[in-house]
């Protein structure tokens, strides 16, 4: 059974990236401003996840994940070392 954290990682893998080289200072963050953010491309609304959905059973979360993956655009990858961007 997948933990809630693993489910969030699967759904929002776009928000995580592999950890950079250790030479980078750990508390240094990339500053993002409006000029770095463009309009969405190939956007397809596949579902809505609300804050109360984290209280759902693992079976229901897996069903939602499967439904979203069936819509396309979701790839499963094995990511070992992550940090939030």
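Yeah, the Cβs are placed from backbone N, Cα and C, and that goes for glycine too.
What Swiss-Prot records as phosphoserine, among 51, 65, 78, is residue 78. Between the listed residues 35, 57, 81, Swiss-Prot assigns phosphoserine to 81, with no corresponding entry for the rest in that record.
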